[in-house]
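**Student:** Pulled these from TrEMBL:
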| type | residues | note |
| --- | --- | --- |
| REGION | 28-56 | region 'Disordered' |
| COMPBIAS | 33-43 | compositional bias 'Basic and acidic residues' |
| DOMAIN | 55-167 | domain 'HotDog ACOT-type' |
| DOMAIN | 229-342 | domain 'HotDog ACOT-type' |
| DOMAIN | 417-587 | domain 'START' |
Amino acid sequence: RCLLKMVKEDIVVPEEILSFCCNGLQGSTSPPRAREPGEREEAPGAMASPSPTGNPTEVQMSQLVLPCHTNHRGELSTGQLLKWIDTAACLSAERHAGCPCVTASMDDIYFEHTISVGQVVNIKAKVNRAFNSSMEVGIQVSYEDLCSGKHRSICKAYATFVAQGPSGSKVKLKPLTPQTEEEKIEHSIAAERRRMRLVHKDTLKDLLTRSPRETELETRDGSAAVPAEKTRVESVELVLPPHANHQGNTFGGQIMAWMENVATIAASRLCHAHPTLRAIEMFHFRGPSQVGDRLVLKAIVNNAFKNSMEVGVCAEAYGQEMSVSRRHINSAFMTFVVLDQEGRPRTLPMVAPEPGDGVRRYREASARKKIRLDRKYVVSCKQTEVPLSVPWDQSNKVYLSYNNVSALKTLVAKANWALAREKEKVQMYTLEEDKFLSFRIEMSVRIAAGRAFSLLSDLRRRHEWDSHYASAELVQQVDDDDMIYHVVSQTLSHENKPQDFVILASRRKPCSKGDPYVVAFRSVTLPTHPASASFTRGETLCSGFCIWPESEETSKVAYYNQATPGYLNYVTTNVAGLSSNFCATFEACEKFLLKNKEDLIVRLQDL
């Protein structure tokens, strides 16, 4: 206060006092510490995890929400939040890569709550897995109310970053070794999320191909359709040095913030109110933009549903010369709602699409909504919240396959397995959790991992070694990695009828060295195979095989089964008999693998 008073009264401030005050504002009266060679400078607000044994890629950022960060309602602008998310994720990626990184894509983001001025945003980012030249960064966002001490989750996001060398070339990344159970789960499932990103566009095309070509406009009582053209927005931004990184490339978060701005304007033109952003669709950056570029941002409402609307946004870049064609940088789809005074979504006006491209965008928005709901329902739910049997169709096949494999990988990564029985080469482990009792049986077999993977993934041959299986019919070959079987069991239910199952079998080969071969099973519902009076329909939540190569001719084979609540009563009263049964079945499995290995050798010798 004395310093400010002296400055206002034009009093000359002694250099010693000025130096003391400036250092004091930084929290120290000592001169700043010189960085060691190779030490990275952290961005303001970002700090490393204080634990020396923690993940070295983890970055924590805490930001106080000021009025300049908020909208007219005093809530944090989503564009500002996206900038902070991208910055924290980039810092984490660069910690692992040791070189500059650029944002390649961002998965779906669902915003659960808004953040008010005066509250603190806490962002935690860390690398989940490194592939060849790209890596997945997981981001958790929460807010903290300093007055009440309340903490609430805002969103969880996954971003993909690419490491770049001095000339912009890709850099091969070193592998990341997970330490904790949570890190092992994220590391394992990251390969599944990567697979899902690669087929995202194909899923949309497939759904559009199967849907009717004629577009029926939704009718809503008491409201006239608003021409989509009236919601169109176009804006231009000049990329300045503060918008770019040290290589001169525009921050991905800055582009996302500009896109959110024009999307909000387009949504407002439809509803004549202030909309709230609820979700951002998975998107990819198609190319970079640099300092000096002009970014043209276009937005339009593609479709308006009863309580939500989808806004499509496109970003294009060009240089100083208009003669050069524009470069397509990014496209994104954002879902908005309009809330009433009680926080409930309002009914929105209908949209009348333009002929041609407008109708195409209208149909695609409806398809994306279907995919988005499937993905949120199947992928984002906790394992205990997903029903045992989920209806299978073309629109959710990718996400059911993801859920099937990720559930098994999550079970594999659990740390509290307890040895229940050991008989010769077979070990049986159990894992007790809230509503589930899980089993793991494993042994080493003298067979190549790839051969064991091929034999165990075909349920039509399981009756050869598993006495519980009577038959298995291949109902649908979804693709090379996913099949649906109708299985009839030898086991009789309490109704004295055999059980049957409709099972999705998902196969995965190793993504990188050290990964196992995976065969995952879960129940699904097919309209072509409803429950029959001849059988008692059974369900399996999570089971399957993981096969690790130990040498060229030896593999470790492990079978996992997560018992459902209806199975627990039988398990708890018959643990000894059950373990003997499991071990005997697994010994029969070993004989089946060895026999077929020998048959293959004989056939090769005959050839």
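Glycine too: its Cβ is placed from the backbone N, Cα and C atoms.
Remember, TrEMBL labels are computer predictions, not curated facts.
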**Student:** Summarise the model's confidence over the domain 'HotDog ACOT-type' (229-342) as a mean pLDDT value.
**Tutor:** 92
**Student:** For the domain 'HotDog ACOT-type' (229-342), DSSP counts of helix, strand and coil?
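**Tutor:** Breakdown, helix to coil: 26 helix, 51 strand, 37 coil.
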**Student:** With DSSP as the yardstick, break the domain 'HotDog ACOT-type' (55-167) down into helix, strand and coil residue counts.
**Tutor:** 23 helix, 54 strand, 36 coil
